[in-house]
């Protein structure tokens, strides 16, 4: 996949109009207030999955509608930590296995991995009473007719409540939100909606500037939108109106914590222009690492070190 | 797509072992009994969509859990008809628009088009209380952990109840069940589970011999199964056990009405071996039209005439 | 296929120079005069293909060089009609089967389906004395050396004579020309060259702005031009000069009847810029429906209703 | 393209039933007798295309129906030659430019290059009175309804008449027929139908065992057959019956001159089984060079030397 | 990528003939003896890459011709370990960054990561004092003319010397060799050639049964062989004779340590038949985990746990 | 592959900044001086490969580090020639077989074919006494860490020394340098670095404006650069700095002989903008033939004649 999006100079100047409806903030106030009516405490059960160097826990916390959402907590040896990173997951992924998440703890940082409801590598069903269990997509257009019914409302609510859970479970002095792709989009949402966010680390964030994504990406998940609208051309406007409630650029304009973005200029799944749409609107301190020849893997393990350095500069650990 | 499956001679002999679990029949008895607890009558509202030659109705009938399922009824001029064809729809499709369904009525046959819950071209949400509305896939692995939770349980229940609705709404002397692809798989299920089926017309039927489909097809929807199991290799056996409750070859072995199948030998979406798995197990009178160079479009408008001739031979109209 | 052509704003402004040679009009006057030397009347034979709701006829009329061209006539019940739509067919298609054409009659409009000589789904040979019969392409470069020898000269002449035939066979008060893709290109030609056209309905019209099409489309049929010129690079100018005699944008600049175009912004077969090249040059009243996420299927059955509404606004039926 | 056809052992044993109709030989007797009614002598005009080492001529000879067919004659310095190779051309090619054909003359062998009517790199129109000129395909299904109307009847007749022309123009002691792909298929036809053939050199010959080719190749030109029959499934049997008159395996069973075939086991355009269908039926002395990792380029310039050695063994030059 | 190789039952029975030349063992004795002439001790320098939970070292050891080869050593806290896993890397990879390798140490196992000379993610250069001969881009055919000049001779020698280095640097009671893809092929070679191997863990091992790989894989790196032989068809036999010196199935027949293989049935890069060629010839205790729907990622993090359990069963840790 | 690069008007104006480092000229002075320390005379051995019309020789000459490089010399009959064309070869090619090179001699021009070290169709091995460093399979990034270690340093030195060899072996009055793709890039380098160049004929020249090539081409060989930098994102700047020493646009700005370029506007392997980068910087008399619909084959045999005409205009032969 060669460069298919605009040149870097244009990307840096790209500032699409924000798309939030007048009731955007109210929508989220109501949504989160309703979710927080469930006052169940998160539970964290120690597990032995063979990982001996760190304390590992299987977590359950109340997410959207109080439904149980899963997570992994991985604590570095030595108990408390300066930082706790709350990490969200990519589309089609989920929390995976606990031994997939060792880097932060190995470097002395606590990590709380939040599952993605319904996604294949997770353990959290969507709408638990009649849980669909993990399954293969598509989630992009589930509830396209109404923001209140859309899947992303539930996913983002889980993300905010995941931060709440981390803050009640982990004795860290600072909390960061992070994640690749869909997880990066969730991190941006939590940066706007959550409490006590000290750093935001969105990598090749998905869920930003959906219209541009659907216009120029020929890969799922953005392609799911185009495929749906191809069959329902009369729903174009309604669908993007619904998606505006979950758009990372709208969230970015409401976020204030220091942030480190990453973007890959040959990313066919999350086109770089959609990342810059959010980055250029981000309202807090910000930096972005540009990987000119990478695709959706972004900066990979090189960027993993960049994230840790960024946290260290904010508060040594 | 050239020929990729077995040669025709081998296809005609392919007889995989049936996969139904001991409680297969009980599962469906219970499922249908529960659905029939809802005794709401179907409603049929005349509509004016510009089609003047036929009487057209927007139908709502109770499907799985009594949830409202949509349909179109198209009646030939002259009122009653010798035949009513209950037609199910392909994956990702749905009932579409009423003017997409004119052929049967133009030839003097009543047609009842049953919507496919959740699919993009339809108007029926899946689980209506919090309806997801129509959206892009994937449905193949929704509920892979338990046959009671699987999407196909709801879809097939809708199909049986759609036949019930047609029989209460249409004054025809005979009812056929029909459909392309996923609709063909539903028709096979109704042939086994429904009441008063006089003919079965599955075209390039999907939902048969899932394991073979997942092994040899590189296209969605069968690919959704492989993509899911790629991420969850520990769930291979459980997933196919769940799918066995919805497998057209298991239904075919329980069906007795006269049937006309069609199969396309270059079909990459529904591999011909999966069609023959159901056809070779079909327990009633049967015939199959083989289209050697066609892909998933099957016999197209040529086969449309074959279906009408087949009905005419069973009972002139 | 994501958006690959210009953004909509630029498309609306795209106005390539017309390419007609000085003898363009003379060429067509001579061509049509020669064709009309054949004064054989069209014949229409009633057929019974199972379609009982409408009167259906197998038509033969004299086309280019008086050669017999086939068509289907489908009349709504009740005899005369307010409108008759003369419909041309897509590349590689042809008149198909009569039961493929039911929508107009079901809505009370007469339809005359004109076959496409040589194309696979038709029944009209190209140059009948030694007819090649229907076959698979390519037609785009047949006769590239001379407009008088080019296939499109014959195809367009058939189209004009098809309108002549419809007018002599059908007692309708108004005649529209219509068609998808290649059929849309023919409709534009007839709009410029034919007599008594009351409406023009080109859907994702092919045969417009060939140079742009050959430059940016990677699919047949435009690709046939690039593939030919790749082998014969010395013939670039001659070939496009020949094609200019059959270019929909040159015809559009000579047409005056009210028109409704459609265009799909992700159409890889007929790039949207080539459609706007014709639309922007269209000399009569005009409107265009833009389908932003569709490919070459265009607006599908949604747009089918738009066409009927457009006719109804011009003259109620 | 990895190996997709049978393993070499099976290929060597593959012996499909011959498909010639009872009137196969009569058909060709009549066809050639009619063509030979034209007794015009071939003309050979010396040209100066910059090639100074050899005498080069632009040839015109009477082909099917006496129509003018073009060719190049390239004579080694020194006048007469021991061998003259009559070479036919690939699908979509044609005689090209004279300086594309230097190898045989450089090695002391006369070469007569026969054009392929209608193909893009040639200069011979198909049906010259209203010549279509060279153009891009497809030729495979032109006249599928009747062997007398099929394009291949004309192409093969040209091939036989090309040998006649060579024999009247060139003072060589022996004449070989040769060609790659479609040219190899023509060479096999001339080996059966022509007079005075001393050697046959078919490279990756196309036009053999059409049914197998259409079943297993996903590339043009065999794909043209599948694409046609996909649209016209009712014509499967008729089409292959027509093609049987032009099938290299039927010709091979009637040929007696010494032959050297070549085949490439990863050839997606001419599947190796179709080559072995002809080779295994070849009735004269025969040998075949197998290139296990090559695609349709076959043995390339390595095999070019094999051909010359083969001729040298038959008669030193 | 659907199933393209043989069914599992056939795979389990596949037993191609071994291909080692008579001097195979001598070749490797000489090669290793020459390499061991360099008696430089490996060096291990502690590094601070941010990983605090484990002791991490940058290692340099003498490989082929005594050239410096790089590695990472990662030791679990607590000093000595029951097991040390020597891990080799995939084609195009290399040792990467030290924080890419945390799992073994987190579970209490020492890990020595051996770099792959020349590969992109490594830090070890390759040199070819002997001529590489003509070859296709990539490593597979570098030195195809002579086993002594072939790249794989150097890579495998590095692997054996890497085990030597680990044994001198790490105080573990048992040493296992392991690796994915190319690393798995190296592990098999070291299982045959190295000293003191207590377990062998080849995952989707590459470098086995090259002929089958080149015949059926359409992806690099096996494709490099086909691409080379396509250009040099005269070198087919010589090339596979050279490769036989580096074939995992020849090594497997000489290995005796307990082994756990993994294979993925939809792996297009390392076809499952090539894995079974080595597995079925493996001479020691053996087991294999089959992942039916996975591609080249194999069993991923699920299989990572299987490897640790396998080691634990051999010797608790 | 449709047009993907800029429109022709923009291409003609594209003038990227030159990228040569301050020591660029010194680097090459030193490199060539070192190579010329080897004073071995080239050897030319007459061969009999069946080509009787011309004198053919197998040549060995000292290239980089005095290593033996192969070539073919083909002399027209009649001894001395007005022109000798020194021709370099494409990536993955090499000198091939002598009978692949007949056109120049047939037209009265001597040709010296210089092999490409290491490439598959050649007979010249490559050696890298200096470490290649980590690199991606292929030649583009071999030695990316240091211009002195890079493969292209050796390849270009061979090219200059090939001209030296031709001048000592052939008694022609003028010497031209020529070649397609990689050979065209070498010709540009020799035009800047070599002695006594009377004409330069680069066809679709590769090795120009590497950054643009890596940005927009999705095919090897430029893709090798992107694939390498995807794995080593920290090396982007260093890698392009190394490549600047071998960039055809830097060489073009130092060349003065009359030149004829060719470019193909749909070339996905050598994007047209990279050709114009060199052409627009070319410092001598220049012309360029633009092939609008061709891909990497460029102008093919049509352009072969253009090259000969260009030479003839400079000095009649």
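Here the Cβ of each residue, glycine as well, is placed from N, Cα and C on the backbone.
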Would you please say which range out of E:67-92, E:93-118, E:119-144, E:145-170 has the annotation region 'Disordered' in TrEMBL? E:119-144
Same-chain residues at least 6 apart in sequence whose Cβ lies under 8 Å from residue E:181 (active site, nucleophile): E:90, E:91, E:203, E:204, E:205, E:206, E:269, E:270, E:296
Neighbouring CB atoms within 10 angstroms of the CB of residue E:296 (active site, charge relay system), all protein chains considered, total 18
Would you mind giving the whole-number mean pLDDT across the domain 'Acetyl xylan esterase' (E:1-313)? 96
Test of understanding: give the count of other CB atoms lying within 10 angstroms of the CB of residue E:91 (substrate binding site). 26
Does residue E:267 (active site, charge relay system) have same-chain partners at least 6 apart in sequence with Cβ under 8 Å from its own Cβ, and which are they? E:1, E:204, E:294, E:295, E:296, E:298
Residue counts for the compositional bias 'Basic and acidic residues' (E:119-129) under DSSP, helix then strand then coil, are 0 helix, 1 strand, 10 coil
Under DSSP, is residue E:181 (active site, nucleophile) part of a helix or a strand, or is it coil? coil
